[in-house]
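To start, the structure under review is shown below, and the notes come after it.
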Amino acid sequence: MAPQPHSGRRRSRWSCWAVRGLAIVLMSLTGGDALSLDHYRQSCPKAEAAVTAAVKQAIAKDRTVPAGLLRLHFHDCFVRGCDGSVLLDSTSNNTAEKDGPPNASLHAFFVVDNAKAAVEALCPGVVSCADILALAARDAVALSGGPSWAVPLGRGDGRVSLVSDTTSLLPGPGATFDQLKQAFHAVGLSAKDLVVLSGGHTLGFAHCSSFETRIRGFPGGSGGAGVADPALRPSFAAALRRACPANNTAKGAGAWMDPTSAAFDNAYFKMLQTGRGLLASDEALLTHPKTRRMVALYAASQGKFFQAFVSSMLRMSAQNQPGEIRANCRRHN
Ligand code: HEM
């Protein structure tokens with residue numbers, strides 16, 4: 001019987017398989033140092049619990065934190081591996097990743113800072129910021145009702161964070177299927193990982209600029225005015241246009257990624273199938289018959305989505321690099 005990520009004993013058995021099999025195989029593919037579930041067992045046994053406590057505390061005050069943490073981890077891993085490079089602040093000599101256009105709306109950095117402070121109080125200089133972010137992303141998913149999994153640990157913190165990497169390595173919201181596939185392939189991830197991890201868009205929010213072209217950027221309106229992407233359900237496009245009036249300057253305007261945006265579930269795939277995918281990059285998953293079938297599979301089965309999500313997250317977050325243990329996640333040592 002297929003393992004059920006939400007059902008206690010079966011879930012942990014499945015997580016074990018996923019961790020031992022996938023993580024080990026993938027480490028050899030990415031060429032990084034081997035990650036291990038035991039990495040801090042001697043040196044900082046309470047690290048993981050301290051991270052979870054910091055994430056819980058932040059969510060209790062701010063429901064947008066899980067989406068912020070999950071996206072932070074994705075943006076970290078796609079640029080120089082999961083090395084905490086996205087956490088570094090710009091300096092007088094260097095504009096860092098976090099100040100690049102694709103990262104303008106990243107948030108929840110404070111949660112990593114709080115977790116790091118808690119962990120440093122327990123065992124100074126031992127736990128990397130990259131590991132803290134990987135754990136926090138897992139907790140963000142699990143605490144939003146999604147699956148949980150054991151996170152292999154031992155990532156190093158990088159010393160390099162370049163703004164120029166962000167536009168070249170992070171796919172944009174208007175990316176085509178081929179561009180998305182290429183961006184994922186560049187970090188050792190498949191078209192299946194692309195579909196599954198795009199399911200992370202079950203959480204959170206997008207600003208109008210991220211889907212402006214979809215709601216009024218297509219040719220065909222009277223007097224040269226743009227119309228909505230014909231792939232969008234007309235009532236959904238109309239609701240998005242109301243949320244994002246033309247020439248609007250409201251900074252916080254936008255739309256939730258799916259109607260249950262605080263819950264980690266498979267609603268994203270159901271929306272996609274019914275003309276209510278928000279970003280062009282979401283819609284792009286329907287352009288290829290193979291990935292369209294995957295969308296249908298995950299729309300029909302939340303269990304299968306959860307199972308696949310754990311595998312793909314393990315693959316994405318296994319791209320580590322040797323590095324230091326930063327004392328402060330915002331600055332290299
Ligand atoms: C496939 C390529 C992807 C593209 C082009 C993409 C693009 C975007 C864009 C444009 C936004 C909205 C940003 C804004 O307007 O503020 C967003 C939000 C988000 N993305 Fe992605 N994304 C992709 C994949 C992923 C993956 C793999 C994950 C995680 C596994 C992820 C997690 C999220 C989350 C959680 C949000 C909501 C953030 C929040 O509310 O703070 N995305 N993404």
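Residue numbering: from 1, along the chain as shown.
From the backbone N, Cα and C atoms, a Cβ is placed for every residue, glycine too.
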*For Cys329, which disulfide partner does TrEMBL record out of Cys123, Cys129, Cys208?*
Cys129
*Which one is it, Cys123, Cys208, Cys244, that TrEMBL ties to Cys44 with a disulfide?*
Cys123
*Cys208 - recorded disulfide partner, TrEMBL, among Cys82, Cys244*: Cys244
*So what sits near Asp258 (Ca(2+) 2 binding site) in its own chain, CB-to-CB under 8 Å and at least six residues off in sequence?*
His201, Thr202, Ala267, Tyr268, Met271, Leu278
*From His75, Cys129, Pro171, the recorded positions whose CA lies within 10 Å of that of Ser85 (Ca(2+) 1 binding site)*: His75, Cys129
*Just the recorded positions from Arg71, Pro171, Asp258 whose C-beta lies under 6 Å from any atom of ligand 1, please, or none if there are none.*
Arg71, Pro171
*Which of Cys123, Cys129, Cys244, Cys329 (the disulfide-bonded residues) has the most other Cβ atoms within 10 Å?*
Cys129
*Counting Cβ atoms within 10 Å across all protein chains shown, which of the recorded positions Arg71, His75, His201 comes out on top?*
His201
*Out of Cys44, Cys129, Cys208, Cys244, point to the one nearest Gly81 (Ca(2+) 1 binding site) in space (Cα versus Cα); all of them are disulfide-bonded residues in the record.*
Cys129
_A 10 Å Cβ contact count, applied to the binding-site residues Gly81, Pro171: which residue has the minimum?_
Pro171
